[in-house]
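**Student:** From Swiss-Prot, here are the annotated features:
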| type | residues | note |
| --- | --- | --- |
| DOMAIN | 1-159 | domain 'Obg' |
| DOMAIN | 160-329 | domain 'OBG-type G' |
| BINDING | 166-173, 191-195, 212-215, 282-285, 310-312 | GTP binding site |
| BINDING | S173, T193 | Mg(2+) binding site |
| DOMAIN | 355-435 | domain 'OCT' |
Amino acid sequence: MAFIDKCKIVLIAGNGGDGIVSWRRETHVPEGGPAGGNGGNGGSIWFVGNHNETSLEFLKYKKIIRAKHGEKGDIKNQHGANAEDVFINVPLGTVVYDAITNEILADINIDQQKYLVAQGGLGGHGNTHFKSAFNKAPNLYELGELGENIEVVLELKTIADIGIIGLPNAGKSTLISSFTNAKPKTANYMFTTLNPVLGTIYRDQNRIIFADIPGLIEGAHTGVGLGHDFLKHIERCFLLIHLISLDPNDNSDIISAYETIVNELKQYKQSLVNKPIVLVANKIDQIGALENLQILKEHLKDNQYIKVISALTNLHVDAMLDDVIKIYFDQKKIYEQRLKEHLPVDQILKWASDTPKNKELDKTIKIVKVDDHFFEVFGEYLKYWVHRIPLKTQDNLIRFNQKLQSINFNQQLLQAGAIAGDSIKIYDITLEFEE
């Protein structure tokens, strides 16, 4: 199975249900007044961090995800039901981008952290909502607000808590299979592992994911070999195991083998070499390994402690693992404390009372003269209210005209050269201009 760490999806939130015009019709109540209910809110789409997810594989074939629409309002002041929101569980370390602008919409790092990415539309108001002391029998209603429609790219930047890095055939696959349930393919050739292999262990009721990440070669930071596909996966690991083979058949120059990995990390991103890195020398049971170990120790000049193991025979693997996990818990505690200080657990956009996303609509308009007596007009404010106010009742026509007056619509058309009788198209409607 291919490892999926990036995918593109279209998210379509639900539209709000329409409000209605209705009247109270009861015996002995000659002037019952309005009784039209509001429409329900459309369903929104959320991404939720889930530590049980490890890949975006389950989204591979989901090109479009839709939320349901809110229900229409009903008679007797009955409101339409709100549609249920859609919650999509994704692995921790998932970053959500706007596919068009490349803007980061969500960076998900905490278990059960929720992000609203596509907001459902507000339900339209029924005529009861518009009743006032000045208008006791309003023939006013609204259509539901359109739900958001957005194409997003999901990229998994954190696939594991602990990453195992090293040159091809350092023994990473053998190591991870020695203490986890991972079953990687092993063989003596370059890039045996073409996708990250994940293995899991449990300590103190905590699940810890290890990743055998495909081997680095010189020039990986420029994209050579598996290049960036490898490096991006170690950016957010809590710590790294730098595995190096002591077998002279793998590395005739042990210092060069060590420095290749260190230099590639530095060239890609300096912060990588500042991570906790545990240097583990593997294949100590091979002929010539002790000589290579001594050369490596002299090169490092006691600046870095080396843990010596044989992954194949399981020599010293458990002791090495205990030390690594202790460092992991220390790093995780520091990381979680920083998140609590700087990030809210939930980032929730509140429903607005009358406009989408609780923001002020841009009232700027653009007027295009198509010919001598035909104009098209565009603008966020116009687009929103053209959809919300159906021009099917006299009261709605008056309300829509009030919206136009609030932005000096007629004055701007006159300045653009419009005269009485000209046709004015505003998105889906066409009006006759009156000075």
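Along the chain as shown, residues are numbered 1 onward.
In case you wondered, yes, glycine gets a Cβ from its N, Cα and C as well.
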**Student:** Between the binding-site residues K172, K283, where is the Cβ count within 10 Å the lowest?
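**Tutor:** Each of the binding-site residues K172, K283 was scored; lowest Cβ tally within 10 Å is K283.
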**Student:** In whole Å, note down how far the CA of P214 (GTP binding site) lies from the CA of S173 (Mg(2+) binding site).
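**Tutor:** A Cα-Cα distance of 9 Å.
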**Student:** In DSSP terms, helix, strand or coil for S310 (GTP binding site)?
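**Tutor:** DSSP call for S310 (GTP binding site): strand.
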**Student:** Report the mean pLDDT of the predicted model across the domain 'OCT' (355-435), rounded to a whole number.
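**Tutor:** Reported value for the domain 'OCT' (355-435) is a mean pLDDT of 92.
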**Student:** Let me know how many other Cβ atoms fall within 10 Å of the Cβ of P214 (GTP binding site).
**Tutor:** 24
**Student:** Which state, by DSSP, holds S173 (Mg(2+) binding site): helix, strand or coil?
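**Tutor:** In three-state terms, S173 (Mg(2+) binding site) counts as helix.
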